[in-house]
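If you check TrEMBL, you get these features:
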| type | residues | note |
| --- | --- | --- |
| DOMAIN | 269-361 | domain 'Transglutaminase-like' |
| ACT_SITE | CYS277 | active site |
| ACT_SITE | HIS335 | active site |
| ACT_SITE | ASP358 | active site |
| BINDING | ASN398, ASP400, GLU447, GLU452 | Ca(2+) binding site |
Amino acid sequence: MAEDLVLERCDLELEANGRDHHTADLCQERLVVRRGQAFWLTLHFEGRGYEAGVDSLTFSAVTGPDPSEEAGTKARFQLSDALEEGAWMACVADQRDSTLSLHLSTPANAPVGLYRLSLEASTGYQGSSFVLGHFTLLFNAWCPADAVYLDSEEERREYVLTQQGLIYQGSAKFIKSVPWNFGQFEDGILDICLMLLDINPKFLKNAGRDCSRRKNPVYVGRVVSRMVNCNDDQGVLLGRWDNNYGDGVSPMFWIGSVDILRRWKSHGCQHVKYGQCWVFAAVACTVLRCLGIPTRVVTNYNSAHDQNSNLLIEYFRNEFGELESDKSEMIWNFHCWVESWMTRPDLEAGYEGWQALDPTPQEKSEGTYCCGPVPVRAIKEGDLNTKYDAPFVFAEVNADVVDWIRQEDGSLHKSVNHSLVVGLKISTKSVGRDEREDITHTYKYPEGSPEEREAFTKANHLNKLAEKEAAKETEVAMRIRVGQSMNMGSDFDVFAHITNNTPENRECRLLLCARTVSYNGVLGPECGSKNLPDLTLEPFSEKSVPLPILYEKYRDFLTESNLIKVQGLLIEPAANSYLLAQRDLYLENPEIKIRILGEPKQNRKLVAEVSLRNPLTVPLLDCTFTVEGAGLTKQQKSVEVPDPVEPGEVVKVRVDLLPIDVGLHKLVVNFQCDKLKAVKGYRNVIIGGP
């Protein structure tokens with residue numbers, strides 16, 4: 001009788017598998033593969049090698065604390081003659097003496113997560129068991145049978161593999177790109193993402209069921225949407241919007257997800273302070289890309305927060321156009337969420353593709369603070385019965401806004417406001433380029449088209465339909481214009497541009513007011529005003545009325561959003577008419593200049609020189625540069641500037657970077673001081689060969 005087959009060691013072939021599965025950055029010390037695709041391993045036996053007619057090899061792969069074959073979290077399979085796609089299988093790839101190379105395949109719908117792989121080797125009636133090792137299984141955008149399959153290699157690289165990107169902020173009239181280090185393959189991030197799944201309340205309640213459901217990207221996306229905020233659980237980030245961040249980190253300060261996720265883990269899964277919408281969205285993007293789900297951050301300008309699902313945001317103002325009370329239903333200057341790519345077998349055909357997920361805690365969904373995934377296509381069609389949370393996302397891009405002016409006698413008068421359209425310039429980073437892609441058309445049909453009317457009818461959006469019926473050219477029109485670029489620290493003028501399209505004189509009163517504003521619509525103090533009680537508009541004429549905005553007026557009240565809201569109210573007493581115009585101004589920060597000293601070459605240490613010129617008329621104090629970049633730094637590096645930076649002076653610092661590999665890397669820099677908040681910049685670093 002043949003002697004027992006004894007396993008000496010198992011080689012998980014990290015380098016080859018990492019290359020084949022696009023997980024090379026994760027396969028430094030462990031095996032990480034994508035489902036639905038074969039991977040290699042090599043068995044080295046002691047003494048004699050494997051003999052096909054004599055030995056029987058049975059493999060076992062299990063995940064979760066309570067694995068079972070019924071739940072799909074346990075698989076037992078024998079060595080076969082050939083691989084069969086779509087199942088747990090093993091077959092011989094090569095055999096030499098006592099070495100056996102194998103191909104193992106996994107189903108394209110296997111639950112993602114950490115697996116233990118073991119082997120039972122039997123010869124005759126005798127057998128032995130061996131643990132071959134652990135591997136992590138991810139979603140696979142390269143596998144046509146996987147629910148997250150993307151057929152464009154360029155898009156797979158952008159939405160799964162790219163570790164840096166741009167997030168859009170500012171205002172609809174001045175779109176500002178902010179660099180972000182997603183860093184989904186940085187040290188320890190995969191473990192943190194798996195930990196996030198393992199402390200979600202659904203896992204704690206029923207671990208077996210939760211692990212089984214991790215085969216479905218819809219389920220995983222919903223869990224991530226919930227766990228990125230901490231409102232119901234031990235989630236990652238605590239949101240705050242009141243400009244008081246002294247006991248934590250200002251949301252504007254973050255330049256990447258890696259530091260946030262590492263802080264969360266190192267503090268025992270206690271929430272990190274603080275996040276706002278783009279931070280929540282960026283961290284969700286990191287987690288979902290890390291798990292293999294194609295994901296991108298999107299920004300919606302003039303985004304409605306509709307609490308009662310009536311698709312209407314109402315503002316009540318006094319006779320001077322000032323808001324009467326704070327309210328939670330607001331128009332956010334911009335709002336960020338993520339889209340993830342997946343099939344939707346739980347919905348009707350046609351709703352596969354991009355799904356909106358919003359981890360910012362705004363309204364509860366099925367009792368917890370999460371939102372989505374909801375098909376972007378369903379939002380466009382006005383199909384509000386589609387799960388999950390279609391009415392809320394539809395309102396974000398389509399709600400109607402009504403301004404009511406309370407007159408002296410207490411009566412309410414509806415004002416005309418053509419300057420505020422909800423759901424503008426919906427933006428995401430272009431594939432393979434540092435440019436903005438406008439994806440508004442994926443959420444909305446063209447303004448005034450029959451398809452738009454049909455979507456509003458389907459959504460029962462009565463306000464918008466009535467407004468379309470009543471739309472006509474206004475006899476008197478007003479809009480807010482800007483004369484020149486608006487830089488932080490400068491004085492500038494804005495203009496109320498008024499047009500009289502009638503053959504009569506119009507006697508009006510004009511109230512102009514500028515106030516600092518947070519990106520979520522909360523107003524700060526006034527920083528400029530003008531009251532013209534007797535304004536005559538000649539027939540068929542245009543008039544521009546300037547309003548100076550002075551640095552000395554706004555410098556102490558500007559929030560970290562760098563935004564000022566200018567509002568004009570034109571009152572025509574004879575016609576009892578109120579015309580409202582608004583515009584959000586973004587004040588541009590100074591540019592951070594980044595130079596790489598020396599020629600970037602593979603595995604050569606680099607030094608970056610980072611500089612900024614003080615654009616203000618006052619010195620800058622407490623200045624710090626913070627630098628990070630996937631592959632360029634092991635962790636965030638902060639360099640404090642010891643002396644005040646005088647007006648017009650250029651401040652420079654140098655930062656040592658890691659020896660890095662060939663390819664494109666992005667160095668992201670943040671500058672913080674007492675008078676300039678959250679100035680950001682980036683530079684692409686392209687590394688050539690030796």
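Note: Cβ is positioned from N, Cα and C throughout, glycine not excepted.
Nearest neighbour of CYS277 (active site) by Cα distance, taken over the recorded positions HIS335, ASP358, GLU452: HIS335. Here the candidates are the recorded positions HIS335, ASN398, ASP400, GLU447, GLU452. The one whose C-alpha lies nearest to that of ASP358 (active site) is HIS335. When the binding-site residues ASP400, GLU447, GLU452 are scored by other C-beta atoms within 10 Å, ASP400 scores highest.
DSSP places the residues of the domain 'Transglutaminase-like' (269-361) in helix, strand and coil in these numbers: 14 helix, 40 strand, 39 coil. Here the CA atom of HIS335 (active site) lies 23 Å from the CA atom of GLU452 (Ca(2+) binding site). Taking the Cβ of HIS335 (active site) as reference, residues of its chain lying under 8 Å away and at least six apart in sequence are, in sequence order, CYS277, THR299, ASN300, SER303, HIS305, THR360, GLU396, ASN520. Over all protein chains present, the Cβ of CYS277 (active site) has 28 other Cβ atoms lying within 10 Å. The predicted model assigns the domain 'Transglutaminase-like' (269-361) a mean pLDDT of 90. Cβ neighbour count for ASN398 (Ca(2+) binding site) (all protein chains, 10 Å cutoff from its Cβ): 25.
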